[in-house]
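For reference, the structure is listed below as structure tokens.
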């Protein structure tokens with residue numbers, strides 16, 4: 001393939017980002033990668049099909065990119081990702097402007113499909129379902145040079161009643177530890193300091209290979225890789241957290257004292273309707289245990305409001321939980337009715353207006369909690385990874401802050417500081433979600 005210009009538009013979650021980075025690497029040797037789709041002859045859209053708003057964004061993006069065939073240089077439109085895997089034939093009929101459609105297990109056909117279309121105009125449509133394949137290999141990072149996401153498993157076995165992911169991504173399958181470690185070593189050699197481990201459920205890592213959960217062993221081995229400074233864990237189901245994992249987080253200096261716990265709800269009746277394999281008591285007990293065992297741990301969660309049948313009493317129970325437990329970070333999503341899920345067939349679907357009201361109530365409550373928590377940080381000194389400059393101020397993150405979803409720490413410019421450095425910052429002021437501070441002491445790289 002001649003050096004044709006290719007642009008990739010990646011939508012959705014960080015797991016999708018990794019798929020995009022794998023595709024970019026495959027394309028790089030035979031194509032010129034450009035950031036602006038208006039300049040590209042080949043445009044690839046990696047879609048999200050998880051919830052209604054994500055589907056709408058994906059379809060709108062596909063249609064916008066398709067218009068570039070008339071207004072700009074686009075000759076080939078490739079669409080891939082969760083939306084194509086989920087809707088297959090429907091999408092093909094809905095958007096005939098697509099030239100190539102690939103499912104989430106078909107990225108190995110990307111380059112050849114583009115070549116065939118450019119040569120003969122023959123369209124290609126693949127959507128293979130796989131419960132065994134895991135997309136892995138070399139990547140071109142789209143994150144800052146000091147941070148990278150590493151997928152440790154694919155798929156999900158939970159089959160929550162509201163979620164279509166198992167039907168899109170297949171059953172849970174862990175990557176081999178040696179492959180993960182090799183990837184981390186390569187990333188560290190490129191200058192990556194922060195490794196963020198992701199999966200649909202990171203806490204289940206190894207269960208399918210070893211018959212037991214071995215995330216704690218993986219953390220221990222990754223921490224031995226030269227150049228890795230921080231290891232961050234996302235998507236940890238509270239009911240699957242083991243004593244060994246708690247001990248590893250507690251005692252391993254490279255593991256951020258930070259856990260993302262996708263709780264979703266707290267009322268036992270709602271949890272049961274959701275198909276969650278946990279209870280209110282289990283969730284509260286593990287939160288208390290984590291706070292007792294791991295000094296300074298930051299806990300983040302995501303909640304769903306407006307699940308079918310959610311009563312005022314169940315919602316009040318959720319508000320009471322948020323108010324009493326006071327989690328450090330919290331995001332709220334309105335329930336999205338998804339085709340192919342049992343929750344979509346449930347009676348007592350909640351009006352959109354009520355969902356919005358409940359979402360707002362939780363966020364206002366959490367805003368106040370976050371403001372109080374941040375006030376307590378004034379005077380504390382943190383290691384901060386420097387990320388950039390906004391309005392003559394540097395900004396970065398400490399161990400309590402995950403990229404893009406949490407707040408930031410702002411501090412005055414310092415001529416000795418470079419983006420990607422890890423430095424010490426003393427907090428002097430606090431806001432609802434962000435902190436303000438000054439560079440403290442010498443540079444700590």
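From the backbone N, Cα and C atoms, a Cβ is placed for every residue, glycine too.
Remember, predicted model here, so these are calculated numbers, not experimental data.
Among 82, 156, the residue that Swiss-Prot places alongside 13, 48 at the [4Fe-4S] cluster 1 binding site is 82.
In this structure, the C-alpha atom of residue 160 ([4Fe-4S] cluster 2 binding site) lies 17 angstrom from that of residue 82 ([4Fe-4S] cluster 1 binding site). Note: the Cα of residue 13 ([4Fe-4S] cluster 1 binding site) and the Cα of residue 163 ([4Fe-4S] cluster 2 binding site) are spaced 15 Å from each other.
Looking only at the domain 'MTTase N-terminal' (4-119), the predicted model's pLDDT averages out at 92. Note: residue 82 ([4Fe-4S] cluster 1 binding site) has non-local neighbours 12, 16, 47, 48, 49, 50, 104, 168, 169, i.e. same-chain residues 6+ apart with C-beta under 8 A of its own C-beta. Each of 11, 12, 15, 16, 47, 49, 50, 54, 81, 83 belongs to the same chain as 13, 48, 82, is absent from that list, and has a C-beta within 8 angstroms of the C-beta centroid marking the [4Fe-4S] cluster 1 site. Take the mean position of the Cβ atoms of 156, 160, 163, the recorded [4Fe-4S] cluster 2 site; other residues of that chain with a Cβ within 8 Å of it are 158, 159, 162, 164, 165, 166, 200, 275.
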